[in-house]
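Chemist: Look at Swiss-Prot and you will find 1-20 tagged as signal peptide, backed by sequence analysis. Taken from Swiss-Prot, the feature domain 'SRCR 1' covers 53-153. What Swiss-Prot lists as disulfide bond is CYS122-CYS132, CYS230-CYS291, CYS261-CYS271, CYS476-CYS540, CYS651-CYS661, CYS738-CYS802, CYS751-CYS812, CYS846-CYS910, CYS859-CYS920, CYS890-CYS900, CYS1095-CYS1159, CYS1139-CYS1149 (among others). Per Swiss-Prot, domain 'SRCR 2' is recorded for 192-292. Summarising the annotation, Swiss-Prot assigns N-linked glycosylation site to ASN196, ASN327, ASN458, ASN717. Under the heading domain 'SRCR 3', Swiss-Prot lists 323-423, citing sequence analysis as support. According to Swiss-Prot, the feature domain 'SRCR 4' maps to 454-551. Among the features that Swiss-Prot reports, domain 'SRCR 5' is placed at 582-682. Residues or ranges marked as domain 'SRCR 6' in Swiss-Prot (evidence: sequence analysis): 713-813. Look at Swiss-Prot and you will find 821-921 tagged as domain 'SRCR 7'. Swiss-Prot lists 951-1061 with the feature domain 'CUB 1', giving sequence analysis as the kind of evidence. The feature domain 'SRCR 8' is assigned by Swiss-Prot to 1067-1170. For 1192-1301, the entry in Swiss-Prot reads domain 'CUB 2'. Under the heading domain 'ZP', Swiss-Prot lists 1310-1558, citing sequence analysis as support.
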Amino acid sequence: MGISTVLALSLLWGPALSQGQWIPYTTYHDSVSSPGAPVETTTTEVFPSGLELRLANGGDRCQGRVEVLYQGSWGTVCDDGWDINDAQVVCRQLGCGMAVSAPGSARFGQGPGQIVLDDVSCSGQEPYLWSCHHRGWLSHNCGHQEDAGVICSDAMAMTSPPPDTWPTTVIYESTPHFPSGLELVFPSGLELRLANGSDRCQGRVEVLYQGSWGTVCDDGWDINDAQVVCRQLGCGMAVSAPGSARFGQGPGQIVLDDVSCSGQEPYLWSCHHRGWLSHNCGHQEDAGVICSDAVPTTTPPPDTWPTTVIYESSPVFPSGLELRLANGSDRCQGRVEVLYQGSWGTVCDDGWDINDAQVVCRQLGCGTAVSAPGSARFGQGPGQIVLDDVSCSGQEPYLWSCHHRGWLSHNCGHQEDAGVICSDAMAMTTPLPDTWPTTVIHESTPVFPSGLELQLANGSDRCQGRVEVLYQGTVCDDGWDINDAQVVCRQLGCGMAVSAPGSARFGQGPGQIVLDDVSCSGQEPYLWSCHHRGWLSHNCGHQEDAGVICSDAMAMTTPPPDTWPTTVIYESTPHFPSGLELRLANGSDRCQGRVEVLYQGSWGTVCDDGWDINDAQVVCRQLGCGTAVSAPGSARFGQGPGQIVLDDVSCSGQEPYLWSCHHRGWLSHNCGHQEDAGVICSGAMDTTTPLPDTWPTTVIYESTPVHISGLQLRLVNGSDRCEGRVEVLYQGSWGTVCDDSWDLNDASVVCRQLGCGTALSAPASAQFGQSSGSIVLDDVSCSGSEPNLWSCSHRGWLSHNCGHHEDAGVVCSGPDSRLAVRLVNGSTRCQGRVEVLYRGSWGTVCDDSWDINDASVVCRQLGCGWAVSAPGSARFGQGSGSIFLDEVSCSGQEPYLWNCSHRGWLSHNCGHYEDAGVICSDGWTTVTPPAPTTDWWEPTVTTTVGPSSNCGGFLYNATGSFSSPSYPGYYPNNALCVWEIAVPSGYLINLGFSQLRLEQHSYCNFDYVEIFDGSTDSSLLGKICNDSGQIFTTSSNRMTVLFRSDISVQNTGFLAWYNSFPRDASLRLVSGNSSYGACAGRVEIYHGGRWGTVCDDSWDTQDAQVVCRQLQCGDAVSAPGGAYFGSGSGPITLDDVNCSGTEATLWQCRSQSWFSHNCGHHEDASVICTGNYGTTTASVPNISTSNASYSCGGFLSQHSGRFSSPFYPGNYPNNARCVWDIEVQNNYQVTVTFTDVQLEGGCQYDYIEVFDGPYHSSPLIARVCDGARGSFTSSSNFLSVRFVSDGSITRRGFQAEFYSLPSNDSTNLLCLMNHMQASVSRAYLQSLGFSAWELVVSGWNGNYQCQRQITPSQVIFTIPYSGCGTIKQVDNETITYSNFLKAAVSSGVIKRKKDLHIHVSCRMLQDSWVHTMYIANDTIEVSEVQYSNFNVNVSFYTSSSFSYPVTSSPYYVDLDQNLYLQAEILHSDASLALFVDTCVASPNPNDFTSVTYDLIRSGCVRDETYRSYAQPSPRVVRFRFNSFHFLNRFPAVYLRCKMVVCRAYDYSSRCYRGCVVRSKRDVGSYQERVDVVLGPIQLLDPPAGKKSPGKGSP
């Protein structure tokens, strides 16, 4: 039986937390020295403001204390956050090789000057230390005892020949060139060796440190660490990295622990580790290594063998490992076989994919992998299976370097032998030589079929045209995009890809179509390196020939020469001219202006073609001007006078220099100075010039890749300037934009460009009317971050395939608009009619398509928990305002309701009788209104607003919450927000923080929250910037909360809550029994002259702890509910109390509003404290039931019923694990309703789970927690409910009811013994436009079995499991039989309706058959799941011939008589196998746990008379045993046998594993587990005088 296991990975996606702020310097230098230039003494390159770097107080210039020359004085760097990445930048900048370590704590002594840098955080790639993120110049919170240091690898190098006594470690790494007179000194003799192995390339890892050899601990030791060791010792590649002292325990010290290498380091000690001689392990964990050059040897290595030698080697793997492809048409395709221990074996296809095949093809020198077929595509191999679960990244040098299950370890058969087809398999025209090696080791450059070339045909020059490949043929445009074109342009040396036209833009090719479904990342070296369908495999015609236009196609003025190569391969190593410098000219300071580069002694400009924020980022970083603010083009800072030195610059933003970016070539351009590029960096000074009064509606800050002057943008035909039809001014005329692929990202760019706030919707289909002008843009695709609309990807100016009926529109929020949502007319703030504040007015939402996902967004936005239901039809009354939204469709993950897809603002086709509502979990009760005698007020509606407007406000509810701007996103700099809270007179206010994360400071001087006891003129209750858990309480009915942030360092901010309570509130305990004393009883609260009670919803010991402390009664012993001390008589004052346990008073805890509840006095809460137990004889009541025996879970098969937690309504036990399986008749659905749920608070402790089928293999419908109620419905006839409790705190538990109703009657599926029966409603077919005669089985070949049977209401198909095209799919856990019904449009030239595909499948799972039916997504989807039992026939037979079954019941036998049993699977599939796992005898057919006798258990024979017989087929099992002696004491006996169903001949499955002693779980896979009960068996009356009967013959 199969167990379907789904592993869900939840990625917590959140903003990275910044530890500091980059503060640029602002001085200006006309020249910047070339990186890498020689330096004098200990200084490196000179930067603006005279920045220099050195290492001081070390043994040489490449180790020491880090010092920076800043403003003319040397200062140090603090070690806060200092690590190997920071040290790497220092070493590179000083030309000192690689970083070896990054010591802190003033390892090289304390420096005398200032501390100039702190909190330095480098990625390791920066060109200069001050390019890294840091706290700011001279800003720190440390002393010189934390001065940072660095040790670089060149600190260990020598410039003079080594002495005769040179250690055994030889370093061949190259030494950088420095000015004469510098000598680099080696530190104290670090060496490396492998000890106690059979040769020098395998053994225990040992390091010579401070003159003694020591070992390395295996904590974290892996193949990457071993790789470094093998390379350092010149021993080839790492084969394995054994730990646990595989090569014996070493005698010396443990010198390294927690070693973590990337695999690229030059020395083992270059890797990250715990520190020298620092460890937490013993020698039993000594690490080892086996390298590929390890070879068996019978003599010890020579005494003079060096322990570390660096040289190149050709790996020869141990024990003669080889690789070949067998049974293919040539050596480059076939079944994968590995020579292991002298024999060829195969590789299993589990997890086998193109990455694995890539390694095989490279290893054999067969080019790149074309495909990775499994399922013994090249026949089943004869030998062993040597590898399984192979998982390669594609970069490994050998197949056995990949991760795998282990040699000769597998769970598969030869029917799963893996194969490979390499690219060179198709180019072989001559037979293979007899001496062809089976394993050839080549360099990693791919070898492709001979003679492959690439060209662009039928274009105006060699860099544009139809893509053709020799194999001469074309490429199909299926999936063809700009990434594919990029590879073509790079391969041909034609610059960057401009566009990737399809549909035979350059004419239809005459030859073959050689490639289809090409999918490139854009980084591949050749087009045929990209993923594709396979050579000459396609499903297209030449009308789909793909084309390319490259950037160099636009600069060609002469025809290409006849000898122009069709494929040009360039070297990827950049070469820069000498003397390059960079500056920004003609701006108000050095950090803004026109970009100029000093090239060949003259300053020149950069063209703005393709110029964007990434390019500007490189400029700003290179000049030390902070981050890029904008990248203006069109000579924003005036036209430059010199040459144009660079054009088509394209940076990723990470490059160290502007000229490191991809560009057209030096002095190569197609532009003029009117397109000079500019940059504005964050380090630029603010301008004081006011903006002109005539500011246009479109301001162009950024340049566009197509250089057209006068571009503008507007929205027309809307109610104001921030909504309407999108129009662009192009070449002097206004034109529209087509709505093809138009979405909210595109609209966001428009709204931001026009200064109109955020995008609310992106209406299409000319919602704002059709224009009469040109259509200037089509197929616009924005990421949402572009500076203007024309920066987005589009089809090209004036290129389109649409009409004005597709004009795109936009609705923006407006520059000063405020959006909010609220729930009105409900009994609490968390239920009611949904209303939205839009442009100053409240309006409703229509219920068309309104569902639980939409409600979820509303509940989360309002802080009301999760959505319980989404009622429509004006459940909460009809609204009176506008209807703002209709056809809302949310995924449930959106932050605000208006982010969901909808029809458009104020666009609807409904009335207020369809107003949508929401009920959230925090408001899912009917609240009893307060009595007229109280002084409580009518609750008001709480609203929440979007991030643009949630900075401050007036709060006037009894309880509520608010947050910092954009929470949980980062709050802005320079924020000042003020919230005023006011409650009725006579009430006080509590304020607490659920989350609080601000910039940290001991005095809260930067970002902080201030709480005032009234207005801001009142006394200060507190000033906080970190989460102390404190609750602030006012002395009046008013409170003011102020939040302020400074100009730097943002964080996620805070989420605050508040509640209110009467000033005269007091507390007591009432027990009615004096023996309990004053510290135990019913909790009562006084207010307004009356005592009231507290409801026990969510009441626990944390709440009780607050009560006990407030009354000075010691600690809480228990928190009984259910009116344990009797029911009170006054009002119910509080409900849903939720204390952390640290509050000073009960009313500081969070709860519902006072007198708001959904309970009665039978739920009054109580407390028992420790206070008086020392002076009373009364015992503490025991309310725990955790030690009592109980029944838990079960199988429910009736039409309806009820179940509950153990001991309900008493407290359930701890550590409960209960599962109820509810199965009803086929084609019915199950609904379960929870009528009472009282569990421990917090859904991670005690909870209920509802599954859509068996719980171990089905999707989770819902997790039900304390206080939640609701109904949940299955999609099939099976539903599981699982209850879990932890080891502490129990409560009353839950009660649930269930019932079943018929599912939809459109489709129906039954999985029977020999076939599946599918029925489709004729009415359903008619509704889709099909007749009953058009529906057929897809694989029907005329077989009468598959013909349809048409009744007046149904079309019925009988589909055998082994015919009519039924497909059988198997894996280790399931067997699935699949087919599908189809109805297609088969006549005419065009069609106006979709084809119909109804997929049907029967899948065997653990305890039942799963029946699924669905319709493919080219039509409406319909799903049905049905469960039924698997059929196995078990019978007694009269003899070992198994010819005649026993038909009588009871079956009367003699004592010790041979009994013969046969079991058989009743199913038409002949490829199933049956196995007897367990057989147990009992005198009671309903109790197999009390008095039992084991015949066989877990496949292990327990009865001496048990004997199995040969199986006539895998689906039949036969065995015998003798009647039992204990039958003398009982009138009858019953057998219960557990049978296991598996795949036949799957020797890894349970059916072929025999006796297995299980300790934790079942071993081996199977498809089905079947429990069978047989009997009764009764003894015959024994003949007189018979005393010792003998056993019968076998």
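Keep in mind that glycine also has a Cβ here, set from the backbone N, Cα and C atoms.
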Chemist: Within the chain of CYS890 (disulfide bond), which residues six or more apart in sequence place their C-beta under 8 angstroms from its C-beta?
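Modeler: Residues satisfying the criterion: ASN853, ASP854, SER856, VAL857, LEU897, CYS900, SER901.
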Chemist: Pairs 6 or more apart in sequence, C-beta under 8 angstroms, 3 or more of them: is that satisfied by the domain 'SRCR 7' (821-921) and the domain 'SRCR 1' (53-153)?
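Modeler: No, the domain 'SRCR 7' (821-921) and the domain 'SRCR 1' (53-153) are not in contact.
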Chemist: CYS540 (disulfide bond) to CYS132 (disulfide bond): how many Å between their Cα atoms?
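Modeler: Taking the Cα atoms only, CYS540 (disulfide bond) lies 52 Å from CYS132 (disulfide bond).
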Chemist: Once the chains shown are all counted, how many other Cβ atoms turn up within 10 Å of the Cβ of CYS1095 (disulfide bond)?
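Modeler: CYS1095 (disulfide bond): 24 neighbouring Cβ atoms within 10 Å.
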Chemist: Using DSSP, tally how many residues of the domain 'SRCR 7' (821-921) sit in helix, strand and coil.
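Modeler: Its residues fall into 18 helix, 31 strand, 52 coil.
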Chemist: So for CYS900 (disulfide bond), how many other CB atoms are inside 10 Å of its CB?
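Modeler: Around the Cβ of CYS900 (disulfide bond), 19 other Cβ atoms lie within 10 Å.
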Chemist: Rounded to a whole angstrom, what is the C-alpha distance between ASN458 (N-linked glycosylation site) and CYS1159 (disulfide bond)?
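Modeler: Rounded to the nearest whole number, the Cα-Cα distance is 82 Å.
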Chemist: For CYS802 (disulfide bond), what is the secondary structure state per DSSP, taken as helix, strand or coil?
Modeler: coil
Chemist: Any chance the domain 'SRCR 5' (582-682) and the domain 'SRCR 3' (323-423) have 3 or more Cβ pairs under 8 A, given the pairs are 6 or more apart in sequence?
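Modeler: They are not in contact.
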Chemist: How far is it from CYS230 (disulfide bond) to CYS1139 (disulfide bond), counting Cα to Cα, in Å?
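Modeler: About 59 Å separate the Cα atoms of these two residues.
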Chemist: Among all protein chains shown, how many Cβ atoms are found within 10 Å of the Cβ of ASN196 (N-linked glycosylation site), not counting that one?
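Modeler: That number is 16.
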Chemist: Of CYS261, CYS291, CYS910, CYS920, which is closest to ASN196 (N-linked glycosylation site) if I measure between C-alpha atoms? They're all disulfide-bonded residues.
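Modeler: Nearest candidate: CYS291.
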Chemist: Roughly how many Å lie between the Cα atoms of CYS271 (disulfide bond) and CYS122 (disulfide bond), rounded to a whole value?
Modeler: 17
Chemist: Work out the three-state DSSP category of CYS230 (disulfide bond).
Modeler: helix
Chemist: On a simple 10 Å Cβ count over all chains shown, which one of the disulfide-bonded residues CYS261, CYS802, CYS812 is most densely packed?
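Modeler: For the disulfide-bonded residues CYS261, CYS802, CYS812, the Cβ with the most other Cβ atoms within 10 Å is CYS812.
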Chemist: Between CYS651 (disulfide bond) and CYS132 (disulfide bond), what C-alpha distance do you get in Å?
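Modeler: Between the alpha carbons of CYS651 (disulfide bond) and CYS132 (disulfide bond) there are 19 Å.
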Chemist: When you measure from the Cβ of CYS291 (disulfide bond), how many other Cβ atoms are you left with inside 10 Å?
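Modeler: CYS291 (disulfide bond) is surrounded by 28 other Cβ atoms within 10 Å.
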Chemist: Write down the Cα-Cα distance for CYS920 (disulfide bond) and CYS1159 (disulfide bond), rounded and given in Å.
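Modeler: Between the alpha carbons of CYS1159 (disulfide bond) and CYS920 (disulfide bond) there are 18 Å.
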Chemist: Quick check on the disulfide-bonded residues: of CYS476, CYS920, CYS1159, whose CB has the lowest count of neighbouring CB atoms inside 10 Å?
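Modeler: Fewest other Cβ atoms within 10 Å, among the disulfide-bonded residues CYS476, CYS920, CYS1159, is found for CYS1159.
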Chemist: If you count other Cβ atoms within 10 Å of each one's Cβ, which of the disulfide-bonded residues CYS122, CYS230 has the most?
Modeler: CYS230
Chemist: Counting distance between Cα atoms, which of the disulfide-bonded residues CYS291, CYS812, CYS1139 is nearest CYS661 (disulfide bond)?
Modeler: CYS812
